[in-house]
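Just below is one structure, and these are the notes that go with it.
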Amino acid sequence: MATNSMAGLITGAHSHLSRDSDEHQAPTRQGSSKTCRVCGDEIGYKENGERFVACHVCGFPVCRPCYDYERSEGNQCCPQCNTRYKRHKGCPRVVGDEDENSDADDFDDEFQIKNHREDLDRQYDVNHVENLLCISTKWGLAKTNETISIENGDYNKEKLHPNGQAFSSAGSVAGKDFEGDKDFYSNEEWQERVEKWKVRQEKRGLLNKEDGKEDQGEDDDYLLAEARQPLWRKVPISSSLINPYRIVIVMRLVILCFFFRFRILTPAYDAFALWLISVICEIWFALSWILDQFPKWFPITRETYLERLSLRFEREGEPNQLAPVDVFVSTVDPLKEPPIITANTVLSILSVDYPVDKVSCYVSDDGASMLLFDSLAETAEFARRWVPFCKKYNIEPRAPEFYFSQKIDYLKDKVQPTFVKERRAMKREYEEFKVKINSLVAKAQKKPEEGWVMQDGTPWPGNNTRDHPGMIQVYLGSAGALDVEGKELPRLVYISREKRPGYPHHKKAGAMNALVRVSAVLTNAPFMLNLDCDHYINNSKAVREAMCFLMDPNLGKKLCYVQFPQRFDGIDRHDRYANRNTVFFDINMKGLDGIQGPVYVGTGTVFNRQALYGYDPPVSEKRPKMTCDCWPSWCCFCCGGSRKSKSKKKSGKGLFSVFSKNKKKKMMGKDYVRKGSGSMFDLEEIEEGLEGYDELEKSSLMSQKSFEKRFGQSPVFIASTLVENGGLPEGTNSQSLVKEAIHVISCGYEEKTEWGKEIGWIYGSVTEDILTGFKMHCRGWKSVYCMPKRAAFKGSAPINLSDRLHQVLRWALGSVEIFLSRHCPLWYGYGGKLKYLERLAYTNTIVYPFTSIPLLAYCTIPAVCLLTGKFIIPTLTNLASVWFMALFISIILTSVLELRWSGVTIEDLWRNEQFWVIGGVSAHLFAVFQGLLKVLGGVDTNFTVTAKAAEDTEFGELYLFKWTTLLIPPTTLIILNIVGVVAGVSGAINNGYGSWGPLFGKLFFAFWVIVHLYPFLKGLMGKQNRTPTIVILWSILLASIFSLIWVRIDPFLPKQTGPVLKQCGVEC
């Protein structure tokens, strides 16, 4: 790693926008105009013979009298760019000139001008102002809604806008409105100006050739104004779509109240136990629906403006000001997570559409596998050819496996004749690359007895995966690692944290925290993108999409992360097991975005580094409250309280009150000083602590022990946490940084610190993502949901039944662990800044596994009713029938209106409902009991999965069957309900016509269960329509035992009343 590669990165400071090199020529051109654009008089010359130029920014032609009058009586700003006029030598001083570094040697001239002030005022008579009014229409003044009023021979200008807002400092008379600008250039000058603008736009990818012909009137002033526009906008759902949806929700809530009133007041006495169980289950379902429904009350969508981001932060001739990004990729076992998939993810990151010096990729190998180490070496070599190919032809996606497997016309929109030839060559090279990776995988299947040996003959340090030192290898980003075209490549770093027996490692959360510390030491980018090893970047502009929010000067400082939806490849067309999870990502997450932000889902998230460090978001200053004179200050309710609070704030002193000029941030109730862009410490000043500061500075900052208690014993890392906008100190040594990075991934580094408690990814649950996002929202941070038209990231999902159930089991187990911990949303963080609807959403994410218990009971009730001849609902009256019908209609209307505003298909909604039942009676049920055993009893139970071979065809994994105990409960439910249907129909046939009426209600509920479990039944059958014998045996056994409970009931014969008749003899 070379020293120059570790230099401090340029951060995205929100400074005033400056013009590029071409735009600096504008003052000369406009200054050459001989006519004043305000009054129409000729522009004079200065004493040195040069033509008078009023505005040094845009060069808008204004004569000396108009300039003097604008400074003395007007708004003192240029009419075109709204920049305040600077004082010229010999001009009278006005208020505000004392702040400028103007010439101070012209007092005599100024005194002379003041004596002749009356003569100057006489020049602006009424006739002159009328001339201004006539000329203003010509140069576009009317188009900026400026009006001039005549008062006592003077004129005043007022800016009027339709929305009542003050005119933006982005420039007033610009772009399309300023059409008269062309009149002041010759044809050659104007054509040259337009051509230069088009070339810059085409380089940035913002203009096609056809667009250039239509927009020849656009000039640099328009671009400058465009760059100052917002980088994103909020798009609320149309009121015609959302208002009926809300009305139906309220109606459904009212109907539920009347429905439960009927259910509770009219019990079924002949089946009281079944009735009581059913009512309890229905009340639980209603509460679950409320938790899920009301956080969707304010759904919104957002759209970004990438061209404005480029115009604002990527100016030609200036350093690129886009913020650096560190990308994290985590993996554990390369045999279960194929290295070729991880390699594709890394290649898509290295070729992302972002400045190469602003991107660093960190790959965490928590299994210390030499296979992944060698695979990344091959990936880095292949990236030298793949990255320039992607950027040269602007291909999508930039993961080679998925790019070459696309079934589309890859020649569409490609005009370069060399594309086909280079694409074929690149595809051959990728096939060779896959062969190399496959050979490494084949070699890794059998581990030598003496352990793995690296190419240089030294033993692999990670031969013992549970006892090995920390390892860091930098593949790209150093001085010699250039692509085949001689251009720099993004940094690629391999990391394997130290593991020793007796130390807790906290699985994925611990690995992510190690990545946070290593990246802070090596690059310290202010933003971090978190990806799973099987989630590649599908949209090369995904990072730019996130920067539109994170680099926004107003919103960005309050954001903890930007969450992208998860999209998946390789899922069957019907999405049998709801792997796409469209209802959650396209409905629930949009609703949360309108409250405080979406929850963190574990991948596809761009983080604000300062939010992970436990800092509180910046508090926006509130307007002072209105005061009144109706009561004395000591008894005034309007202002007395506010004055008291202000006095308290002024009297209170933080830990760093001595350095009041520096920015203050709160973290866990304490004040921390952080600087905006520069580093607070230089590495030369950091030697075993905070040496280099005197005693006063040490006491005012924070003691070294207090820092180490929170962040650990690394002065380099501590220094990086105090740099708000990221970057490294100047003069850093790459070798010392790597040595420090090894230290921060040692197994004992987190001992007696706040890591995993208040800082970084939070420990205590296998679903660390929900817990981490919940802690940030409790501190007051906001998050944003970004849904670009082209999916930002894509991953792979388990499409066979067993793997899908085990994935859901892991998620549900994490929710149960959070429910039983101190971080439960039901009682945690009430003193914080978490909004109530956001709390409802988090409560729903940790309570939903417990729905499995009432769901299992409710799915069993139809079979029991059919076997016993009893029912949970007595005879319905006309009024009760109305409430039942109203409830079903409201449920249907809610779903239909939800589909309208969200765009989700009815098939996705139905698959989601089906898998809610399948997962609820299997994975969620096991998660509840496993979580209770783990948290309360300390017993950690694991469910093993045994795989069978699958056919090597498209979606062959869909038919792959793996035996697991999770399959027993839903299989038993299917058999019970099928047996109940057969028994109920047989009993109705035997009992006559009168028994068919009560049977229909029971059959309806039984078919409701069977239809919801139908995808599960298809998964059991597989492609060959065969089910393993062990599944059939277990299910039949459980169903038989359950049925024997009702052995005294014979539903096939009619009930008899009166004495029992028996045969008494042969001749009877």
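Think of each number as a place in line: the chain as shown, counted from 1.
Keep in mind that glycine also has a Cβ here, set from the backbone N, Cα and C atoms.
Please treat TrEMBL annotations as automatic predictions, because they have not gone through curation.
Straight from TrEMBL, the features:
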- D366: active site (ACT_SITE)
- D769: active site (ACT_SITE)
- S330, K336, E337, D366, K507: UDP-alpha-D-glucose binding site (BINDING)
- K508, D532: Mn(2+) binding site (BINDING)
- 17-26: compositional bias 'Basic and acidic residues' (COMPBIAS)
- 27-102: domain 'Cellulose synthase RING-type zinc finger' (DOMAIN)
- 14-35: region 'Disordered' (REGION)
- [ ] Out of S330, K336, E337, K507, point to the one nearest D532 (Mn(2+) binding site) in space (Cα versus Cα); all of them are binding-site residues in the record.
- [x] S330
Open item on the list: If I take the alpha carbons of K336 (UDP-alpha-D-glucose binding site) and D366 (active site), what is the distance between them in whole Å?
Closed with: 13
Task: Spatial neighbours of K508 (Mn(2+) binding site), counting only the recorded positions S330, E337, D366 and Cα distances within 10 Å - done: S330, D366
Open item on the list: Please identify, from the recorded positions E337, D366, the residue with the sparsest Cβ neighbourhood, meaning fewest other Cβ atoms within 10 angstroms.
Closed with: E337
- [ ] Could you state the whole-number distance in Å separating the C-alpha atoms of D366 (active site) and E337 (UDP-alpha-D-glucose binding site)?
- [x] 12
Open item on the list: Under 8 Å between C-beta atoms and at least six apart in sequence, can you list the same-chain neighbours of K507 (UDP-alpha-D-glucose binding site), or say none if there are none?
Closed with: D366, V766, E768
Open item on the list: Looking only at the domain 'Cellulose synthase RING-type zinc finger' (27-102), how are its residues distributed among DSSP helix, strand and coil?
Closed with: 18 helix, 6 strand, 52 coil
- [ ] Could you check the binding-site residues K336, K508 and say which one's CB has the most other CB atoms within 10 Å?
- [x] K508
TODO: Report, as a single number, how many Cβ atoms besides its own are within 10 Å of the Cβ of D769 (active site).
DONE: 23
Task: D769 (active site) to S330 (UDP-alpha-D-glucose binding site) - Cα separation in whole Å - done: 14
